[in-house]
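Okay, so here's the structure we're looking at.
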Amino acid sequence: MRIVDYLKANMDQSFSDLALNEVDIAALTELSNLPIAGLLPDDLSGEDYWDLPTLYQALKDQDYYFQGLWQWIMGGRYELLEAMVDGQRFQDIRLYGFNSQLNREAVLQFAALVVEVPHHFKIIAFRGTDDHLVGWRENFKLAYQRAMPSQKSATDYLRQVLDYTTDSEETIIVSGHSKGGNLAVVASIQQNKAYQDRLNAVYVFDSPGIHRETLAQENFHRIQGRIHEYVPEDSLIGIILYAAVKPVVVRSSGISLMQHLMEMWEVEETHFKQVQSTTPTSQLAQATMNVWMQWQGQENIERFFFLVFELLNQTGIDSFKDVDQDFSGFIGNLYREGKSLDRSTQRFLMSTLNDLVLIGRALKRRRQTSEDSYYPQSIKNEVLQQVSHWHQDQPWVSVLVGGALIFSGLVLLVKPSYDLSFLAGFFLLVIFISGLWDLRYFWTQPESRLRGTYLLAAILAFVLSGAGIYFGGRFLPIQVGVWMIGLSLIRIWQFYRIHTDHWDIPVSGIVLSLVTFAMGILLIGQPRLSAYLPILLALGFILLGLVMVVSLIIYQRESELYDFIDHWEEGK
């Protein structure tokens, strides 16, 4: 179940019957991310407050949720609020002390509120990044700047709340999701010892970490044991910088960046459902960002993000709602502003982005992740690894192979094999090699749950290649079509099994399987289309050859970067 299901299942349980837990805290923290500016009282004493039904009705009258780019995000948060309003568990909740600051010149976006059940607990909840561009600009400053303006605002706000808190028996919790979690940690670290001693816990939900220097501070060590950090298994936000404590990895039903939304996190009884570690995709993203920032250095990273956000500011947008309302106009303005940059600035931006892409690709090829032992690494990936070795150790081989592919493609274009004999031999060879490949994985992966599918794919390939030899090596579109359909169905079944075991599914593998299936259907339904296959094969050869030669040129030009990646991998 998800958080909303937990809220509905326990809607009539009081906090005396069922103690406040991590799922409650996550749900109450999400209240800070609702569009409550101008609604909640800002009085920190708690004498002037709203309850949840009042907030629910005010937001309903506002009709906010059905507008703009953030509709699908706010919809999930509204669902949590609705579930809390419907039951008795949260009937005594008081909301007050709302503080919101937005300053484009100072690059500041901050908001927080107090969630309290008197004589039980008080949660100081910090908002994450909203849809304002200035908030995202402030976020990216974390990559090169130790302190953000919102961190000072958070520190001051927490101190003021503690000044007003006189009930020594009340449990005090600081919390935040996304950037709000970073603010919760930093604000707690920056308090004096007397105030730190009054904090019972700090809850951090998929938030950027803190800088390494902060980890050595005495103030941090005083509070570290009370920090509870959570990230989804495919986290792309909580992996930034250094975690204050080892995070709990939570199973999520979302995909990729969607897992950042806590509404997607899975719950088991009164706690989040845990998994052993983040996914290989999350780990690769973390490594890529770390290498990229170290390679570029603080000065280049600062210049890059400054230019990017200045470019966005020049388009006239203040928030992502502006983009949603006039997307084509935004793209047109962005293109014009980009073209107006001087050539050296354009080259810097493109080069910095290109380095990020190259680092990601290089790390992906170098890493043998845990999933490689679970399902077969594709032929494409192994070929790319081999090409990378050639680029590094034997560049003449890359030139030779790339040239041979281009030459073969040109020959096929100039004089295609109308009798399709060449094509028949090529496809028979491809089918046979694919069978050997699957047989290899069947033999070398005895513990794999996919072992039977490897054997099935190998048998299919050997039967069809044998049939091709039996029919004299003639090209039979139906034969190739059957192989394509059968192989793609087997691969799709493998991907389904992988997904049910919560492993990453390669997007390229899914796309390739679907394309293969569609081509198989076409070959069986329209055999005449096979006459165009020599031309497609020729274009494929030429494209592969060009990619190989161009990648060698890039490798030679970026050899210093690849050496840096090698050293980083060895020393991590």
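Heads up, the Cβ atoms here are built off N, Cα and C, so glycines get one too.
Sequence-distant contacts of the transmembrane segment (396-414), counting only residues of its own chain at least 6 positions beyond either end whose CB sits under 8 Å from a CB of the stretch, comprise 387, 390, 422, 534-535, 537-549, 551-552. The transmembrane segment annotation in TrEMBL covers 396-414 (among others).
What TrEMBL records for 420-439 (among others) is transmembrane segment.
Beyond its flanks by at least six residues, the transmembrane segment (451-470) meets 376, 424, 427-428, 431-432, 434-436, 438-439, 441-442, 445, 476, 479-480, 482-483, 486-487, 490-491, 493-494, 497 of its own chain at Cβ-Cβ distances under 8 Å. Per TrEMBL, transmembrane segment is recorded for 451-470 (among others).
As annotated by TrEMBL, transmembrane segment applies to 476-493 (among others). With a threshold of 8 Å between CB atoms, the same-chain residues lying at least 6 positions outside the transmembrane segment (476-493) that come near it are 424, 427, 431, 434, 453, 456-457, 460-461, 464, 467-468, 509-510, 512-514, 516-517, 519-524, 527, 529-530.
TrEMBL lists 505-525 (among others) with the feature transmembrane segment.
Taken from TrEMBL, the feature transmembrane segment covers 531-555 (among others).
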